[in-house]
Amino acid sequence: MILSDKTILKMLAEKTLIIEPLEKEQIQPASVDIRLGNTFSIVEDSCTGIINLEKEVKYKTITSDTYILLPNQFVLATTMEYFELPNNLTAFVEGRSSLGRLGLFIQNAGWVDPGFKGEITLELFNANRCAIELKAGRRVGQLVFAKMDDTALNPYKGKYQGQKGATGSRVFLDYEVK
């Protein structure tokens with residue numbers, strides 16, 4: 001069941017859902033607007049030009065209130081907000097249609113697990129022929145919350161728990177199911 005603004009406000013007041021900082025204008029009928037933070041990360045150039053998924057990838061991190069996203073460029077960014085989801089709530093990240101119509105895509109996994117704590121890393125791609133100026137504080141998407149039928153048996157405790165800033169891939173820490 002997708003949560004209404006009324007339920008979101010109730011959970012925030014009870015502190016069973018934490019979103020900080022949060023302005024009341026961010027709360028929509030069935031979602032919460034998320035804003036762009038001021039941390040951006042790009043993959044550092046590799047001498048081979050190949051990313052090996054078994055090894056840690058190095059990132060260049062930039063802290064700035066403005067970032068110029070070039071045409072066909074990919075950058076990691078972060079939300080301004082920090083989240084703490086209870087163990088019976090999950091969330092979906094959706095990009096804003098108004099920005100998508102300009103060629104700015106939020107290409108993230110789109111899923112926030114129950115029990116997650118941290119800022120959400122956003123994967124941004126500029127599909128436009130023109131550069132796009134990104135500014136910290138701008139609304140870039142929505143978080144849609146869904147209540148689960150029961151509390152998660154194993155809430156999120158993964159490799160991105162507690163992340164702050166534009167956090168690079170930690171795929172090299174994965175173990176594959178055989």
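Just so you know, glycine gets a Cβ as well, placed from its N, Cα and C.
As written in Swiss-Prot, here are the features:
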ACT_SITE  GLU123  active site, proton donor/acceptor
BINDING   ARG96, SER97, SER98, LEU99, GLY100, ARG101, ASP113, THR121, LEU122, GLU123, GLN142, TYR156, GLN163  dCTP binding site
SITE      GLY110, TRP111  site 'Important for bifunctional activity'
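Counted within 10 Å of its Cβ, the other Cβ atoms near the residue listed as 'active site, proton donor/acceptor' come to 17, all protein chains included. A simple Cβ count within 10 Å picks out one of the binding-site residues SER98, GLN142 as the most packed, and that one is GLN142.
According to its DSSP assignment, GLY100 (dCTP binding site) is helical. When the alpha carbons of ARG96 (dCTP binding site) and GLY110 (site 'Important for bifunctional activity') are compared, the span between them is 13 angstrom.
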